[in-house]
Structures are given as C-alpha cells and as structure tokens.
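Here is the structure we will look at, set down as structure tokens.
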Amino acid sequence: MLAAAAGASLGAASCSATPAPPSTPAPPESAPPRDHQPGVVTAPEDFATLLALDVTDGSALRRLAARAGLAQRAATVTIAVGASLFDDRFGLAGVRPRGLTAMPEFPNDVLDPAWCHGDLLVQIGATTADGADAVAHDLAGDGLRQRWRRDGFRAENARTRAGLPAARNLFGFREGAGNPDPRRSDLMDRLVWAGEGEPGWAVGGTYQVVRLIRLATELWDREPVIRQEAVIGRHRDDDTPLAGGPEDGSFGYASDPDGRITPLDAHIRRANPRTPATERNRILRRGYAYRQGEEKGLIFICFQRDVEAGFATVQRRLDGEALQRYVLPFGGGYYFVPPSPAALAALVPR
C-alpha cells in the first residue's frame with residue numbers, strides 16, 4: 001500500500017536540483033544472493049534507521065564500506081550513493097549510474113531541502129531500535145557529515161498469507177500487500193536488479209527511492225472505515241482488495257470500468273492499474289512508520305532497476321488520487337545501491 005509515495009505515499013522550497021505468483025511456492029530467503037547487498041530482497045527488520053551523509057573526504061568511502069561489513073553481524077546494513085557523489089569533487093562523473101539523478105519535486109510535494117538527497121544513504125535494519133542506533137553511531141566517522149536521519153519501525157511486522165513481508169502502517173492498512181515476490185529471482189532480475197547499460201561496477205545493483213511522508217492521522221481517523229477502504233482500495237480488516245480475491249492474489253479492474261467497486265481514484269488502482277502494459281512499472285516496496293514528537297509518518301522505500309519506468313511513472317499516476325488529502329511528502333531522495341560495499345570502496349583510488 002502507499003505504493004509510490006506522494007500519494008502513496010501525504011510550493012515551498014524544492015529538493016530538486018534542477019503479478020502472478022509462481023506455480024509452486026518458493027522457499028523464504030535466508031540470505032541475499034552474494035552479488036547483491038542485503039536489505040533489498042531480504043525480509044525487513046522490526047526497526048530501521050536511514051542516515052543520509054555528505055562526503056568531505058573520498059577515503060571515507062573505503063572506511064564506511066569496511067565498517068559496514070563488520071556491522072552486518074549486528075544489523076542489516078545497506079549502503080547507497082546519491083547523484084551528488086558523482087560531481088567534480090572525487091572524479092567520479094564518468095562512472096555515475098546512468099539513471100541516477102537528484103529527486104525532482106512532484107505535484108503535491110512540499111519538499112524541505114534539509115530533508116532531501118545526500119552523497120550517501122545508509123539503511124540500517126535491526127531487531128531493536130537501540131541496535132539500529134548503535135550501528136548508526138559506529139558507521140559515522142571522519143570525512144562524513146550527517147545530512148538527515150529518520151528512525152522507523154514496522155508495526156505487526158510479519159508475513160502475508162502468501163509468505164511475503166508486510167506490516168501495518170499508521171493508517172491501519174498493511175504495507176507490502178501486492179508487492180512483487182522478492183523470492184522469485186526471475187522477477188527481481190526483471191524489475192529490481194540493474195544490468196545492461198550500467199557502468200560495470202553497478203551491474204547487480206538497484207535504484208532506491210526514499211520518500212519521507214507526513215500522515216494526517218487525526219483527519220484520517222475521523223473518516224469512517226468504509227471511506228478509508230474506498231480511498232485505499234482494500235478492506236482494512238483482512239487486506240483483501242475491494243475488487244475481490246486474496247490479499248496477494250492476481251486480480252484486475254476490467255469488470256469494473258466505472259469504478260463502482262474500486263473507485264477510479266483509489267490508491268491501489270492508480271498505483272497499479274493491473275494491465276499487461278503496467279507490469280514493467282512494478283516496484284519492490286519496503287516501508288517503515290515513524291513518530292517524531294507529535295508528527296507521524298511513513299518512510300517509503302522502493303527498489304527498481306529503472307526509476308523512470310518504476311517509481312516516477314507510478315508517482316505520476318497517483319496525481320489526483322483520493323489519498324492526497326491525507327499525506328504530505330517532504331523529503332527523501334534518489335539513490336543507487338551498489339551490488340556490494342566493495343564496489344563502493346573501489347570507486348575511489350587509493
């Protein structure tokens with residue numbers, strides 16, 4: 001749910017610099033493939049810290065990669081790079097991933113530059129909030145300056161009936177319903193892992209989009225459940241689609257062209273119209289809730305092999321959805337997850 005993040009997500013200053021399941025069940029993953037970082041297809045932990053960093057010394061990349069390897073014993077650490085790392089400072093302009101740009105401002109965004117972008121993004125998953133925090137402190141060091149940080153959690157972090165990771169967001173609906181199955185390597189190769197056309201060091205990585213979204217929970221909670229379900233397109237109690245069928249099953253809208261069952265502006269219908277042409281736009285989502293004082297929100301994360309075909313296309317479809325009234329995107333960024341921390345370390349000459 002909350003599939004792409006503005007509307008899937010809730011003009012001030014801009015951040016911008018300018019499914020069908022397998023025929024037989026696949027076994028749950030125990031570890032990521034050796035040529036991919038953890039934290040993408042592996043099941044999300046109960047707690048996470050996202051740490052955006054700016055690099056002041058190129059050698060810090062090697063130190064961070066080494067520390068991340070050690071930290072994997074206590075947490076799941078995923079390191080990504082932002083477009084700004086490939087400017088003139090470190091001589092990396094010629095090896096920038098081909099689709100990596102600064103995140104633009106979308107309709108209905110109110111982006112705060114202090115909460116956007118970063119040369120690096122470190123995603124830390126752990127079984128406790130204290131564990132994630134400890135790793136975040138261990139990874140900080142000379143040559144790295146914190147740009148922004150957000151801590152999150154997954155309420156009712158479990159699996160769907162089909163065995164896919166899912167959690168309950170602060171609107172009371174399940175995050176992750178309808179996600180492509182991360183256990184299917186053929187699907188991940190098609191939708192998530194970058195390949196042909198990328199610099200050699202980037203093959204096997206993936207593009208990561210992060211959106212920080214405030215949720216108008218008080219306004220939402222005043223709505224009757226039937227209205228909430230119409231806005232989302234799913235039943236709140238069991239997460240099944242209004243269109244019918246199981247929570248993670250294959251369904252469509254061909255028999256409901258006028259939106260009498262699933263409204264035309266329902267979130268899941270806008271995000272994924274479920275046509276053959278929109279199959280290539282699917283993204284792998286990994287969301288966390290957050291509370292910061294009185295503020296409540298969503299850390300929306302998604303992975304794809306092509307941001308334009310994935311998140312950006314989905315986000316444009318969400319313009320005008322019913323959910324826009326209740327969500328406010330204010331930060332985040334576009335990043336690229338190298339296939340391994342070693343690939344990141346090798347970018348900077350010794």
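The first residue you see is number 1, and the count goes up from there.
Keep in mind that glycine also has a Cβ here, set from the backbone N, Cα and C atoms.
Look at TrEMBL and you will find 1-18 tagged as compositional bias 'Low complexity'. Annotation source TrEMBL lists signal peptide at 1-19. The region 'Disordered' annotation in TrEMBL covers 1-41, 236-256. Annotation source TrEMBL lists compositional bias 'Pro residues' at 19-31. The domain 'Dyp-type peroxidase N-terminal' annotation in TrEMBL covers 37-154. The domain 'Dyp-type peroxidase C-terminal' annotation in TrEMBL covers 167-340.
Counted with DSSP, the domain 'Dyp-type peroxidase N-terminal' (37-154) comes out as 33 helix, 34 strand, 51 coil. The residues of the region 'Disordered' (236-256), classed with DSSP into helix (H, G, I), strand (E, B) and coil, number 0 helix, 1 strand, 20 coil. For the domain 'Dyp-type peroxidase C-terminal' (167-340), the predicted model reports an average pLDDT of 95.
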